[in-house]
């Protein structure tokens, strides 16, 4: 056991392991690129959808069902499915990751919008704000903490799941996990897993800190 | 002026909120809408700024049918204060107040200058400007709500139970301030409450609603209290409506007789040399208390003698407080003072009672019971 951790330590800290095309630095950059791009696409789809449902109050069942759908969706299955349909490309990876992230974003955005005090929305309309002004000046800023929580959750899930890019022969930190498994190199598998976990935790903590800073004036 | 003409409101679920309402709310006056919950008073108010659309009939503000105007623009021209204030929690107090000027396209600088001015108008300290609503007390939040409604200087102000959520002491303060503001600003105010005392204090006219959205009676407070249209209104006004009526009449008209006073540094006179109850005052003439001259348990200066408490009344105080004081005061005399608090004289319990009766007559009791019941001084003089 001790031996394993010692080897893991060496693996993680050796300069050689960090450099080159198969180095940690490069794999990390790939991993972040997949994750951020997928989350960004998911946000572009999920945010407007959540805001629209929340603002109009119509189509709430979409948001609710999407949440259960997202939880039940087998990501690897989806990757394989799209892979069979599209052949070797990044499509399966991005489609799977986006499908994973959209529900978290939509449901949290919708939850944030419905949590806005109806009295405040009523007052906003009563002062003479038009629909889009209520949305931009009142609902959006008040829902923002929950919207950001949704984005954060989505990003963390995506970072943890982006290992599947390696499953369909692309890069990212999943490379170490899948290669290690194939080569029966436990240290490499463990190293990849630890790196993914560390990236997820660091991002989560950093974003939580940012949220706390941005909303330091809020009561709740 | 706001006019309701045969206005009906039926909600999609089939309930009738307002039934065939025809009502005028005069310019520069306070119209209070009262009734128990679900009587349609809030719906009535919200039809004025189109937060609710009438099913049929017309609502006019300054002669113009509200449904023919752009809803957002209409609302910007009408101040709107709601219960719990409904302030924007993510904006500072100053930016909350500046809302409507900003919507009207005034520059940020000008809107904020106007907001700072209003902070003072509603009695808030300038350092409240940079705070957030949750950092204020309920009463302060309500003041911000009023300031926000006044920011664009609208001629009409709608207030939906604005003081319903604050404690009674603060509520009285806020009512006083509203009356003071109204004296300066003369807005056309429509005020919704379920508190009849609040209605009597604030209203120039009071409209009483019954469940189902029926307007039962609309009259000035004194007339309403003296002559409720039916048992429903009478019940709603409560068993003490006679006393509430007295709260509307001031003492100014009621004559006073010279008071037998003693300065605090004067010696207590021998018994039987004057009135039994003497009013002890400071050198400046402010009342300190009642001295029982017959008790003779003291020979020093009057100020050191055991005194019974006095609550002196000004001309602006109500007949109700005079009636109360006439019961509490040991000799049945009510001490009267100037605005500065110096004693001017006393009024007897009997005279106050006579005027209390006359106040009822003046407000006009129901014709059927008028003739035999009247024994006011006005009638006796006639």
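Placement of Cβ uses the backbone N, Cα and C atoms for every residue, glycine included.
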In TrEMBL, which of A:91-111, A:112-132 is tagged transmembrane segment?
A:91-111
Taking residues 6+ outside the transmembrane segment (A:60-85), which of them lie with a CB under 8 Å of any CB in it?
49-50, 53, 91-93, 95-97, 99-100, 102-104, 106-107, 110, 161, 164, 167-168
Select the range from A:32-53, A:91-111, A:189-210 that forms the most Cβ-Cβ pairs under 8 Å with the transmembrane segment (A:142-169).
A:91-111
